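Peer 1: According to TrEMBL:
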- B:21-40: transmembrane segment (TRANSMEM)
- B:46-65: transmembrane segment (TRANSMEM)
- B:72-89: transmembrane segment (TRANSMEM)
- B:95-116: transmembrane segment (TRANSMEM)
- B:123-140: transmembrane segment (TRANSMEM)
- B:172-193: transmembrane segment (TRANSMEM)
- B:214-240: transmembrane segment (TRANSMEM)
- B:260-285: transmembrane segment (TRANSMEM)
- B:297-320: transmembrane segment (TRANSMEM)
Amino acid sequence: MSEVLLQASGLRLAFGGVKAADGIDLGVMKGEFLAIIGPNGAGKTTFINMTTGYLRPNAGTITYDGRRITGMSPRAIVKLGIARSFQLPQLFVEHTVEQNIALAVASRDGIWSPLTPLLRPRFRDEARDLLGRFGLSAIADTRADALNEGARKLADIAMAVALKPRLLLMDEPTSGVAASEKMEVVETLARVLRDAAVTAVFVEHDMDVVERFADRVAVWSQGRIAALGPPTEVLNDPAVQRDVIGIERHA
Amino acid sequence: MSTTQDPPRDPMARPARLMKRYEPILAILLAAAMITAAILAPWLRFVLTIALAKGIAVLGILLLLRAGQVSFGHAIYIAFGAYVVAFLAPTVNDAALLLALAAVGAGLLGLVIGAFVTRYRQIFFGMLNLAMSMVFYSLLEKLYAITKGSDGIRVEIMPIAGQALDRVAYEWVIFGIALGIALVVAILLRLYLSSPMGEALAGIKTRETRLEFMGVPARGVLLSAYVMSAVVGGIGGALIALTSRHVTPQLAYWTSSGELVFIAILGGAGGVLGPFLGAATYELVRIYAAASFADAWQMILGAVLLLVILFAPGGLWGMAARAIGGRGR
Ligand SMILES: Nc1ncnc2c1ncn2[C@@H]1O[C@H](COP(=O)(O)OP(=O)(O)O)[C@@H](O)[C@H]1O
Ligand SMILES: [Mg+2]
């Protein structure tokens, strides 16, 4: 059936005595939405950091589209088509939301033009279109440091989407988004990603979101993958319910 | 969806936008005022040429400030440009050609030093620039056989673009060239600052790692700005040499670097006219203060800077912006 887009094999990374990755083997299929769940400190962010070149594993390899990317710089990895969003949004806080997105659009090929404006029609239109699809048009001219957490989060994801990745890794995309808006936001996001045929990996704490949007779920526990499979199977597994979901509910 | 925390909280946003629109008119007014002053008093022509030269160099400080970086050693490029003129004047013997050589030379020096210092940020960046400039200062002092040490080197009046000129005509043309270069560089810089490259430079100040995750080499962006800042420093230095017609190692001394930062803060980093407002004010205050209170002029300059930092953090440019923006409310 579908082919593997990203393959992690035997990833290990320790911080002092803490094993943040303790033998991670995971294949991400082209076109799927893969959710990562697990308690805080399980190593979910570390996996994203290793995949995007921010951290280098002590051992193991990551291949993307058949090509080894372990040890490559974040910059080189982005150029291959892997983008990410952040658990804590990483925006240019002295720029407007529109400028943030336009800069991401420009970074695909137009960053080195020194005499034409960033907000030239081509970049501005694409930024506005994307903001429209994220329902963020109203805050296009707002400075990023004046946004609430939910909007910051969405703008952060929109910046990653503006890079036109083939694989998008999102670290807790719905944390900070108000509970009443969560489903609507994920619905929108899922539509944008499906339209663009983006493969997505997302860390998520809300099991309703996981159940509804993930094709598969990977359960992280102490640097290992404790379970992997379709949401209906994994989320109903008694061990997962006891060890992960129980903890999530109380978190 | 509720998307903002509180009302827009940048009180300077509106004046800054307005100011951006008025900038070309203000530039013309400032240039006209300078030309008038230069006609009225020859000694002012000299002072204003120096002010323009320093203003051009301070544009380089402004560029680095965009990235949140302060160089405490940028006088190295002024001194380098000035010594290019002093060393090559006898052989080249043309001011226009020397200006171009100084710009290119300073750019190359900026590329070499920049490749090293742009690995660092904040205080390390500032201090490494200072260290570089002090090494250069020592070389100028110690290599007496080549540089004539602290005696310095005289620069004779020379032809400009092939035209031999008498002293008054020469000084007028240098003033005109300084004004012309100031305008051109200010326009180019203004375009640059709102281009993707310029906005990415500003992104280094707020979220450098995000740039990397967008595939943008932050260091490359900073290095290119650094080279530009070196080029304008070299041009400023060459103009100073052609105007004062005497170069000394003092040009590279750390106080000269401090002066550039001083002017940048005094003028304000919000727009490309700030450095020129700052430089003109600085030079005039310095001359009047030195004439009236021989022993206390540095204290007066210090007090002026203190007042600006306390009451007008946007500098003179910011004060002008508020004066213009405030009226419309
Ligand atoms: N850069 C780092 N330096 C030291 N320890 C780290 C670093 N990044 C993560 N860790 C540790 O690794 C473990 C996994 O962290 P993380 O991947 O952030 O977990 P999660 O995202 O699942 O909450 C935690 O114990 C955390 O403290
Ligand atoms: Mg995390």
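Glycine is no exception: its Cβ is also placed from the backbone N, Cα and C atoms.
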Peer 1: Under 8 Å, at least 3 Cβ pairs, sequence separation 6 or more: does that hold for the transmembrane segment (B:214-240) versus the transmembrane segment (B:95-116)?
Peer 2: yes
Peer 1: List, by number or range, the same-chain residues at least 6 past the transmembrane segment (B:172-193) whose CB is under 8 A from its CB atoms?
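Peer 2: Apart from its flanks, the transmembrane segment (B:172-193) reaches 23, 27, 31, 34-35, 38, 45, 48-49, 52-53, 55-56, 59, 62-63, 66, 95-96, 99, 160, 165, 199, 201-202, 228, 232, 235, 239, 242-243, 271-273, 276.
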Peer 1: For the transmembrane segment (B:21-40), what are the same-chain contacts with Cβ under 8 Å, counting residues 6+ beyond its ends?
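Peer 2: Same-chain contacts beyond the ends: 48, 52, 175, 179, 183, 186, 190, 271-273, 276-277, 280, 320, 324.
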Peer 1: The transmembrane segment (B:95-116): which same-chain residues, six or more beyond its ends, come within Cβ distance under 8 Å?
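Peer 2: 76-77, 80-82, 84-85, 88-89, 128-129, 132, 158-161, 174, 177, 181, 223, 226-227, 229-231, 233-235, 237-239, 242.
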